Amino acid sequence: MKISNNSSILTGFILLGFPCLREGQILLFVLFSVVYLLTLMGNGSIICAVRWDQRLHTPMYILLANFSFLEICYVTSTVPNMLANILSDTKIISFSGCFLQFYFFFSLGCTESFFLSIVALDRYLAICWPLHYPTRMTGRLCTNLVVSCWTLGFLWFLIPIIIISQMSFCGSRIIDHFLCDPGPLLALICKKAPMVELVFSTLNAVPVIILFLYIMGSYALVLRTVLKVPSAAGRRKAFSTCGSHLAVVSLFYGSVLVMYGSPTTEHKAGTQKIVTLFYSVVTPLLNPVIYSLRNKDMKKALQKFLRI
């Protein structure tokens, strides 16, 4: 990996982050530090509650605990480096640091897409096939699905990122973002590689668009089944088990589709930062709140855990 700028060899990229006065930088540092700690505490509490409450040792909550662990990893792939960048005077990130962040950020995002689709499958089986649910969604199947999500997520972008990391980068080394995003990064490549950009865009679209359509299809079947339930109480109970997941899907896919549903050249740098900040930092913060507020069993487990 190298960056060439006529006569000089540069040693890394410059992440502009959020340019503002020093007072503004300090305020952003405090704000993002608090958000990061709250995210760790919220998702960590869900993991502990599922681990220590025997009533929550079911596929739905095991998937939720893994999802919370994923959110911790996801926010950790961006925020610590963002905080260091805010305090830095040079704003430089090394080649290895940039591409490692690039790899983990997109691999974890891809893994999250797979997890959301697996949770949709779990809700479909629980509501549309309630009598067969215990025999279909077994512990072994749940474990296999979890392992598959992590494995596929981390293999999905591996080859394209390796290829991009071996290319030469010319001209300005400035990335007008708070992380190593593909749009501004690919714009710095010396020799344009439309095939690489096409492959990356295609791999981006599969987990975003196809899995989103799969989730919506699953919930369309769930809705059809729920509407056939004769009692209003039964319908409310069925909807309550899906409401949290649908809220999380809406937050994640709503922002991701805005960001990657159209070419990155159509987005201004400020828009890219705001949208990316929403689904990479704000969404992991809100997810524990959404799941705990709409789930009585999770509320009880969290109250029991916090009293320990």
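Heads up, residue numbers simply count up from 1 along the chain you see.
Placed from the backbone N, Cα and C atoms, the Cβ positions cover glycine too.
Those TrEMBL annotations? Automatic predictions, nothing curated.
Annotation comment: TrEMBL describes 26-49 (among others) as transmembrane segment.
Residues annotated as domain 'G-protein coupled receptors family 1 profile' in TrEMBL: 42-291.
Residues or ranges marked as transmembrane segment in TrEMBL: 61-80 (among others).
Sequence annotations record features per position, and here TrEMBL assigns transmembrane segment to 100-121 (among others). With a cut-off of 8 Å between Cβ atoms, the residues of this chain six or more beyond the transmembrane segment (100-121) that come close are 60, 63-64, 66-67, 70-71, 73-74, 77-78, 81, 93, 145-146, 148-150, 152-154, 156-158, 161, 164, 179-182, 185, 204, 207-208, 211-212, 214-215, 218-219, 245, 248-249, 252-253, 256, 279-280.
Look at TrEMBL and you will find 141-163 (among others) tagged as transmembrane segment.
Sequence-remote contacts of a segment are chain residues at least 6 beyond its ends whose Cβ falls under 8 Å from one of its Cβ atoms, and for the transmembrane segment (205-227) they are 109-110, 113-114, 116-117, 120-121, 123-124, 127-128, 156, 235, 238-239, 242, 246, 249, 253, 256-257, 260-261. Annotation source TrEMBL lists transmembrane segment at 205-227 (among others).
According to TrEMBL, the transmembrane segment annotation covers 239-262 (among others). Long-range contacts of the transmembrane segment (239-262) within the same chain, counting only residues at least 6 positions beyond its ends with a Cβ under 8 Å from a Cβ of the stretch, are 60, 109, 112-113, 116, 119-120, 123, 126-127, 204-205, 208-209, 212, 215, 219, 222, 226, 272, 275-276, 278-279, 283, 286-287, 290-291, 294-295.
For 274-293 (among others), the entry in TrEMBL reads transmembrane segment.
Contact counts against the transmembrane segment (141-163), taken as Cβ pairs under 8 Å, peak for 61-80 among the stretches 26-49, 61-80, 274-293.
Sequence-distant contacts of the transmembrane segment (26-49) (same chain, at least 6 residues past either end, Cβ-Cβ under 8 Å): 18, 20, 56, 64-65, 68-69, 71-72, 75, 79-80, 82-83, 86-87, 281-282, 284-285, 287-289, 291-292, 298, 301-302, 304-306. A Cβ distance under 8 Å defines the sequence-distant neighbours of the transmembrane segment (274-293), meaning residues of its chain 6+ beyond its ends; these are 32, 35-36, 38-39, 42-43, 45-46, 64, 67-68, 71-72, 74-75, 78-79, 105, 109, 177-179, 181, 244, 247-248, 251-252, 255-256, 258-259, 267, 299, 302. Residues 32, 35-36, 39-40, 43-44, 46-47, 50-51, 101, 104-105, 108-109, 111-112, 115, 118-119, 122, 142, 145-146, 149, 178-179, 280-281, 284-285, 287-288, 291, 297-298 of the same chain lie 6 or more positions beyond the ends of the transmembrane segment (61-80) yet place their CB under 8 Å from a CB of it.
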